[in-house]
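Quick look at what Swiss-Prot lists:
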BINDING   48-53, 74-75, 111-112, 139-140, 244, 273-275  NAD(+) binding site
SITE      75  site 'Plays an important role in discriminating NADH against NADPH'
BINDING   225  substrate binding site
ACT_SITE  235  active site, proton donor
């Protein structure tokens, strides 16, 4: 079939398998052209491995460090008549290129929050890899069925303690509008912490450690975003921020557990990028459109692959890690450059419907958004007939 982008709200409901493959190849080429990660990981588990930062971590480990990788994700395959999810096509492409390089790459499709998927992952590590020396936790999910209670909990994006009114960008209508969000209830805050906080990360590490599949010296990291003053009311000081602060609490006991065997656990702070998750946050499209303009003019703009490759090479496995007073690894320092933030703040209130394209890089934002789904990739013929039914050989599909 011939597949064109169809966008509804903050989701593109179509995906392009050839475009997704080309996007993965671009990321692989970035890593191979920037050289190996010295003393990098060799057997890696990525939880949330199919898109965004998790996919970038899988690519960086495999093609920057020659690592065997096991990826866990929740995606949907395509059929003859309907495209699958972008994450499915990304993972199919990754496995294809890894196999060409002689690297082990296997994937598990299912609910990473469940005990069942954790057990299947452990069994697969025992059978195929023995032990893993790096665990990357990169899950973004709107809800979680708690494995111990069976309760399905939802996360909420709201301020805490007060209602907040801010400028937003309606990406469908391409208009600037005021958005008011009411404060989260305590139940909503608790739910967000349960879905987006550190409990599941801790459950994963406990399960892997108890099963004896963590190598001596194993490291783990969970990805987070902090942002700066302009996004704090809705992000760091909001319900999502409460979940992110929970990561900072949980990492302490995870670090203590791994340190016994010479390992380490860190929260890694990454910059704001266009992802399916960030496009759902009301103020992020405007913030990102301004940030891209400023950072591109400065020559410091980065996407997922630049961020994660740099994080692994410089901070997780390098001699001079960027680390803050909380013990977090920082890859967001170019975004938080005071000059960059000052320029974003100065332009924030000046953007109007009429000057949106001149004042911001909304055009770049839209391109990045479509690239998530395999569109707007250079060299891809979008008028060609493509087969949306792409197989992932050897996948362990717990959803089938």
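Backbone N, Cα and C atoms are what each Cβ position is placed from, and that goes for glycine too.
Within the same chain, residues at least six positions away from residue 75 (site 'Plays an important role in discriminating NADH against NADPH') with a Cβ under 8 Å of its Cβ are 50, 84, 85, 87, 88, 91, 109. A separation of roughly 13 Å, to the nearest angstrom, links the Cα atoms of residue 274 (NAD(+) binding site) and the residue listed as 'substrate binding site'.
Its own atom aside, the Cβ of residue 52 (NAD(+) binding site) has 26 Cβ atoms within 10 angstroms in the protein chains shown. Annotation for residue 111 (NAD(+) binding site): same-chain Cβ neighbours under 8 Å, separated by at least 6 residues, are 74, 117, 145, 398.
The 10 Å shell around the Cβ of residue 244 (NAD(+) binding site) contains 23 further Cβ atoms across the protein chains shown. Other Cβ atoms within 10 Å of the Cβ of residue 139 (NAD(+) binding site), summed over all protein chains shown, number 21. Residue 274 (NAD(+) binding site) has a Cβ environment of 24 other Cβ atoms inside 10 Å. Looking at 74, 225, 235, the recorded positions in this record, the fewest other C-beta atoms within 10 angstroms of the C-beta turn up around 74. Comparing C-alpha positions, residue 235 (active site, proton donor) sits nearest to 225 among the binding-site residues 52, 139, 225.
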